[in-house]
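A.B. asks: Pasting a structure below so you can have a look.
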Amino acid sequence: MPAKLSVNLNAIAMLRNRRDLPWPDVRHFGRLALQAGAQGLTVHPRPDQRHVRFSDLPLLRALIDDEFPKAEFNIEGYPSEDFLQLCEEAQPEQVTLVPDDPSQATSDHGWDFAAHQVFLTDVVARLKAAGMRVSLFADGDGNAQAVATAKATGADRIELYTGPYGSCYDAPEKAARELALLGATADAAHALGMGVNGGHDLTIANLPALAERIPFLAEVSIGHALTADALEFGMAETVRRFRRACGELA
């Protein structure tokens with residue numbers, strides 16, 4: 001089954017926040033993405049609200065509930081108490097936990113699962129008790145022991161950090177090596193019964209090879225490249241192009 005496409009709206013929100021104006025409207029572009037066949041929406045509400053604002057979350061939750069009940073809402077973030085309360089209020093289908101420092105421009109590494117196992121176990125239990133699926137951001141470095149530790153936290157999935165693979169857009173041999181490591185990490189998770197998501201710097205060009213190497217890839221969340229392409233092709237056509245890259249459309 002092809003990977004589901006979840007459209008990350010942070011870049012849309014960042015553009016909106018350049019002015020004290022309500023456009024571009026994050027909810028409107030979320031609706032366009034879902035109308036074009038995206039299966040979910042992803043947001044990463046950072047503490048300083050420089051991209052998605054906390055006030056966006058109930059609007060996006062209502063959009064999905066009222067108009068696209070089969071779609072999923074995925075909220076990413078570092079599991080601070082404030083973040084966990086946001087998730088408990090918004091009730092996303094999935095929470096993706098990332099080890100970000102608040103000052104980071106973007107997520108750029110996975111969890112050190114050995115160092116944070118106890119902390120993550122408690123957080124995962126809390127979120128799952130509230131009815132949410134939990135995914136943990138993981139380095140795609142082929143470390144099977146790290147994946148086993150992630151499994152031990154009780155998490156349902158890992159999200160492969162695909163940034164190193166995405167950065168090899170002009171270096172095919174290096175891209176092949178990174179893809180092999182991602183595949184090994186995914187295989188380890190799959191063997192343990194975990195679901196596998198992917199995200200970061202995925203594009204129309206590099207997504208097909210990832211989907212071919214990891215045929216059980218459950219979901220990809222894509223924002224930067226998708227938003228950039230939408231400037232040229234429009235949101236609806238861009239979503240269709242990414243769905244084709246996932247193998248969903250012929």
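The backbone N, Cα and C atoms fix where each Cβ goes, and this holds for glycine too.
Okay, these came from Swiss-Prot:
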BINDING   Asn8, Arg19, Asp201, Gly223, His224  3-amino-2-oxopropyl phosphate binding site
ACT_SITE  His44  active site, proton acceptor
BINDING   Arg46, His51, Thr106  1-deoxy-D-xylulose 5-phosphate binding site
ACT_SITE  Glu76  active site, proton acceptor
SITE      Glu159  site 'Transition state stabilizer'
ACT_SITE  His200  active site, proton donor
A.B. asks: Return the count of C-beta atoms lying within 10 angstroms of the C-beta of Gly223 (3-amino-2-oxopropyl phosphate binding site), excluding that atom itself.
C.D. replies: 25
A.B. asks: Which number gives the other C-beta atoms within 10 angstroms of the C-beta of Glu76 (active site, proton acceptor), all protein chains shown included?
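C.D. replies: Within a 10 Å radius of the Cβ of Glu76 (active site, proton acceptor) lie 26 other Cβ atoms.
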A.B. asks: Including all protein chains shown, what's the count of other C-beta atoms within 10 A of the C-beta of His51 (1-deoxy-D-xylulose 5-phosphate binding site)?
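C.D. replies: A 10 Å sphere around the Cβ of His51 (1-deoxy-D-xylulose 5-phosphate binding site) contains 23 other Cβ atoms.
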A.B. asks: Test of understanding: give the count of other CB atoms lying within 10 angstroms of the CB of His44 (active site, proton acceptor).
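C.D. replies: There are 23 such Cβ atoms around His44 (active site, proton acceptor).
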A.B. asks: Round to the nearest Å and give the CA-to-CA distance linking His200 (active site, proton donor) with Gly223 (3-amino-2-oxopropyl phosphate binding site).
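C.D. replies: If we compare the Cα positions of His200 (active site, proton donor) and Gly223 (3-amino-2-oxopropyl phosphate binding site), the gap is 8 Å.
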A.B. asks: As a test of the contact definition, list every same-chain residue at least 6 positions from Asp201 (3-amino-2-oxopropyl phosphate binding site) whose Cβ is closer than 8 Å to its Cβ.
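C.D. replies: Sequence-distant Cβ neighbours: Thr162, Gly163, Tyr165, Gly166, Ser167, His224, Ala225.
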